[in-house]
Amino acid sequence: MNIAIALAAITAIATTAGGYLAIRSRDRLHLVLGLSAGLLLGLVGFDLLPEVFALNTNTFASVRVVSIAFVLGFLSLHVAEQIFGSHEPAESDFGHDHDHHVNVAGTLGAIAMGGHVFLDGVALGLAFKVSHALGFAVFVAILSHAFSDGLNTVSLLIKSGHWTKSGTALLGLDAAMRIGGAAIGTYIVISNPIVGIYLATFSGFLIYLATSHILPEAHSRHPSRLTLMATIVGVLAMWLIVANI
């Protein structure tokens with residue numbers, strides 16, 4: 001089995017594990033989220049962005065194309081969220097006034113989640129085409145925020161009484177989209193500049209998730225000092241990972 005596809009399957013398992021961790025260790029969840037955010041920030045800053053600037057040197061209107069792709073990635077996920085519904089779990093500690101008209105158990109939520117994890121898989125496959133070092137760094141980051149995905153899926157389904165065949169199907173969708181995305185990313189033939197654009201867009205996704213969801217949830221109603229330390233540990237851990245693979 002191709003290594004990217006095998007690792008994508010592991011991230012799918014992590015989604016389920018993350019959901020159960022959220023339920024069984026709620027008091028420590030903020031530390032897990034803080035660590036995840038640090039890993040994502042470290043991946044983008046230490047590995048993805050330097051790589052995409054090397055892969056694509058083109059400019060548009062005097063601005064690097066990959067910089068535009070990065071910003072568009074951030075904005076596109078924000079816009080998609082306004083259409084399909086927030087990534088926040090229904091019982092999130094992160095206080096807000098809006099209602100969850102669409103949650104992950106719904107059709108639109110399932111489509112949004114499927115698209116999100118599919119892009120994760122594609123990024124994993126493409127990263128391994130660039131280098132094994134980049135591929136493993138992307139894997140670590142995807143694995144970390146798969147736990148956050150689990151919070152938004154398994155936790156919500158169980159606590160809202162929807163842990164039925166539909167819940168199992170949703171987890172099946174997660175696995176299929178991750179593995180399918182990794183397969184496409186691995187076997188599709190595209191030039192390095194296009195790979196750079198995609199990975200820059202993916203970097204925008206990761207920064208949005210880390211700063212707009214994971215960190216606010218991690219710091220809400222919990223001691224911020226410990227959470228901040230967990231985030232810093234995540235950043236330093238990714239620094240060590242990038243420096244040694």
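From the backbone N, Cα and C atoms, a Cβ is placed for every residue, glycine too.
Whatever TrEMBL says is automated annotation, not expert-curated.
Remember, predicted model here, so these are calculated numbers, not experimental data.
If you look up TrEMBL, you'll see 29-49, 61-80, 100-119, 126-147, 167-190, 197-214, 226-243 marked as transmembrane segment.
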Which of 29-49, 126-147, 167-190, 197-214 contacts the transmembrane segment (226-243) most, counting Cβ pairs under 8 Å: 29-49
Recorded stretch, among 29-49, 61-80, 126-147, 197-214, maximising Cβ pairs under 8 Å relative to the transmembrane segment (167-190): 126-147
Candidate ranges 29-49, 61-80, 197-214 - greatest C-beta contact count to the transmembrane segment (126-147) (under 8 angstroms): 29-49
Surrounding residues of the transmembrane segment (29-49) on its own chain - C-beta under 8 Å, 6+ positions past either end: 21-22, 70, 93, 134, 137-138, 140-141, 144-145, 147-148, 151, 199-200, 202-203, 206-207, 209-211, 214-215, 217-220, 222, 226-239, 241-242
Non-local residues, at least 6 beyond the ends, that sit with Cβ under 8 Å of the transmembrane segment (61-80): 49, 52-53, 55, 112, 115-116, 193, 196-198, 200-205, 207-209, 212
